[in-house]
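So that you can see what the record holds, here are the features copied from Swiss-Prot:
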BINDING   145, 148, 158, 161  Zn(2+) binding site
BINDING   334  ATP binding site
DOMAIN    577-679  domain 'tRNA-binding'
MOTIF     14-24  motif ''HIGH' region'
MOTIF     331-335  motif ''KMSKS' region'
């Protein structure tokens, strides 16, 4: 028998500035299922995580709420831990990056990098808010795009035209925090010399540690040459002060991944059998896996392994990267009620419904996953209630009535039982590869075969026939054993159902190896319902409650929504100036990603009697570009064409919103036609 594997697993650290939602839960459920599978196989799998608890955003929110940053992160951490526990995510340790372990490790790693010559310093000129007396990160500066003239754009890129620029290039810059006009001020910054590790990273990213599509994307960065990474922020800042640099703090993305190490070290202090260096040392034979979303690949696949290499630690065995969550084919929306918080879901529905649905859709790739709510109801009701639980509910009553609850050891269908046993290695292989959807398909195919066989044997009919009691018990006994096999295969996904099934079966917690054995002449406990069907009305109630969450949040704000404060109405223009802008209705015929562009989508537009090609910086809000195809939008037709490195953009489509995921492409009422002028 082979030695148990030593495996350390992490999920990305949720930011301690807001609630967990169903998009977040995709990653934690995925990770938890994989870790539970490893533990069932007898491996030493350890799952650690923590709240990402540093940064200006946390400091500013705490200030607005009149509490300390420590009070804020403690409250958010408690909320996060409650949500995860109720979703059956079983961390071995859940810590915080604002911890002594993380302070010590961050300082030690920095000092090792400095000693090895991988730290540089140089003055940086950046915007400073004179009212708040703080330097402003790019996202805290708003102004007019220097390229296309669109107002209310962030300090590093324009969501309208996709241009990137330095914050100092913005026209009419304003602090997004105070509204003050920022001033330029020089400050000494600390940099990590990422280019020192370029050769290592080129080799490591092609070593099999990454999915191929992720490695290909990173190759673009590596081929264009790496830049030094700014790892410092100036006071005031909520975080750890850099050693020997008063008033300078580690940038949150330096100490956040070190939080993985800190959480594990915190666990080691409570579990003496665990050796920190055995998992993190340069020559560690343990496996280390990070489950992350595709939006934070650069930090984990470039900066993080370079930091570990430079400080004398081991690198990850692999990064397991997943895509985004959409709901009903579109990005999560607060107004539609599909931006669902974890707690709102839990108030209405069983967490195992979602765990199973995610498992049925998750593959090993980085494709986005769509939570289609109608399909969700149908799949859970059909697969879990109609197939798996149905086997036990069909058979248990006959065993209790006809044999005092004792399951006999007969095997009336050896070929069927053999099929279940022979399927186990393939299902295990799918779990190991994170092909959860394949595992679920194979498990449900077995459930179909079991149900078909039981229906064919019809124990309910046999029970009415004289002298058929032995056959009834044999059929139902095998039915319960097949149900037990399915429970073993589903246990990583459905731990609560498995625990209830174990109680009914009157057995110790099931391991993966138990699929090789059968129950025989075994006393069962009385059967209790294991799972109920999803009621569509409860899904609707969850959606309505999510809309109410939005309304409550809006009601707690001051009168008005603050948009005019953030972006005051521009200087008055005359009608001729407005009339000079030729706005048209455009039909989006095709919408696609732009290779090599992080923020742009390419839109092919029909404007009635002509076609136009437009690049728009709306990718972050529309992870599925095809969802925009066939939609009407507003188009600036007489904007001068702009040559970009990806091609020529012939105009601009109009959108509202602050940016990021909150970009809303404008559409006319139904009945408008491509080419019509907007007046």
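Note that Cβ sites are derived from N, Cα and C of the backbone, with glycine treated the same way.
From a predicted model like this one, the values you see are computed outputs, not experimental measurements.
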Practice task
Measure from the CA atom of the residue listed as 'ATP binding site' to the CA atom of residue 145 (Zn(2+) binding site) and give the result in Å, rounded to a whole number.
Solution key: 28
Problem - Sequence-distant neighbours of residue 148 (Zn(2+) binding site) in its chain (C-beta under 8 A, six or more apart) - result: 158, 160, 161, 163, 639, 642, 652
Exercise for the section: Other than 145, 148, 158, 161, which residues of the same chain sit close to Zn(2+)? List them in sequence order, counting a residue when its Cβ is within 8 Å of the Cβ centroid of the site. Expected result: 146, 147, 149, 150, 153, 159, 160, 162, 163, 617
Exercise for the section: Across the whole of the motif ''HIGH' region' (14-24), what does the mean pLDDT come to? Round it, please. Expected result: 97
Practice task
State the non-local partners of the motif ''HIGH' region' (14-24) in its own chain: residues 6+ outside its ends, Cβ under 8 Å from one of its Cβ atoms.
Solution key: 51-53, 55, 57-58, 61, 72-73, 76-77, 79-80, 83-84, 96, 324-325, 327, 332, 339-343, 345, 354, 371
Completion exercise
For the motif ''HIGH' region' (14-24), the DSSP helix/strand/coil residue counts are 3 helix, 2 strand, 6 coil
Practice task
Using DSSP, tally how many residues of the domain 'tRNA-binding' (577-679) sit in helix, strand and coil.
Solution key: 10 helix, 46 strand, 47 coil
Fill in the blank from the handout: Cβ atoms other than its own within 10 Å of the Cβ of residue 334 (ATP binding site), all chains, total 16
Exercise for the section: Have a look around residue 158 (Zn(2+) binding site) and count the other CB atoms within 10 A of its CB, chains all included. Expected result: 22
Handout entry: Around the Cβ of residue 145 (Zn(2+) binding site), the count of other Cβ atoms that are within 10 Å
Key = 23
